[in-house]
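Annotated features in TrEMBL:
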| type | residues | note |
| --- | --- | --- |
| DOMAIN | 13-148 | domain 'MARVEL' |
| TRANSMEM | 44-65 | transmembrane segment |
| TRANSMEM | 85-109 | transmembrane segment |
| TRANSMEM | 121-142 | transmembrane segment |
| DOMAIN | 153-297 | domain 'MARVEL' |
| TRANSMEM | 154-178 | transmembrane segment |
| TRANSMEM | 190-219 | transmembrane segment |
| TRANSMEM | 225-248 | transmembrane segment |
| TRANSMEM | 272-291 | transmembrane segment |
Amino acid sequence: MENTGGPYLNTAAVTSPVGIVRLLQIMFGCTTFSLVAHQGGFSAAYGTFCMFVWTFCFAVTVFIITCEFTHLHSCLSISWGNFTAAFAMLATLMSVTAAVIYPLYFVQLGCYPIGCEVRDFRIAASVFAGLVFVVYAVEVFLTRAKPGQVTSYMATVSGLLKIVQAFVACIIFGALVNDSQYSKYVATQWCVAVYSFCFVVTVVVVAFSVTGKTALLWFPFERSVVVYTFGAVLLYVSAAVIWPVFCFDSKYGSPQRPGLCARGRCPWDSQLVIAIFTYVNLLLYVVDLAYSQRIRFV
């Protein structure tokens, strides 16, 4: 009997180095949220976020492997290379965040008051959470664009940095809504406008790359991305100067943390977080601008 099923299956999706890494992602991710759900436990927004990260990454990775193994990704109206590269970078950032948050808030060395069995499950879940981050980082390393290689934009350093920039902006937004008092001055409102504008445009760049619609644009996409990155650097430079002045200068804010400020609900803490990640994103945009001068992508 003639074998008609072979050509329709792509065994390289599970036997190649990237395929094996994705199988490990599924295994470690499933183990992590199973340990937490079975006995480790979670609570509050921090625990819910961690569970969301592990289940979301698990589900999308299963989807990717299924599509590549059955060649179904060829039926999707997206740029598959851009999609998988973008997801791998996003999953790396999300999983490292969960790998830090879960043990920080839920793991303790003593058994009291949660019991030794719960403690052991939480420690095991934390170990596997770290492994989840490692295997997603390995995929980013394996699929990244090599120097001089023509590849998908999201696989380049510039493309991967776009995901990191958007992720850092989300951290800034989280601190902004946590009683940061940004509406106190017009100058700090300008900084919020900078963060919002750069975040939106970065997401639009990623969306056009992943959907493969860049060829439909009436302007050169790659040149526009470089021009935007240069503009984002200038905007973030202004925010990096304005935000610390209006938050930590004695004329407008407080150079030191107020002594009576409650931990976890102190505007000064949120302002410090925003200042730190403003400089982080400024550095990311500068590096992005430097790399975008010499990349080739499709």
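Glycine too: its Cβ is placed from the backbone N, Cα and C atoms.
Note: TrEMBL annotation is automatic and uncurated.
With helix defined as DSSP H, G or I and strand as E or B, the domain 'MARVEL' (153-297) counts 109 helix, 1 strand, 35 coil.
Mean model confidence of the domain 'MARVEL' (153-297) amounts to 91 (pLDDT, 0 to 100 scale).
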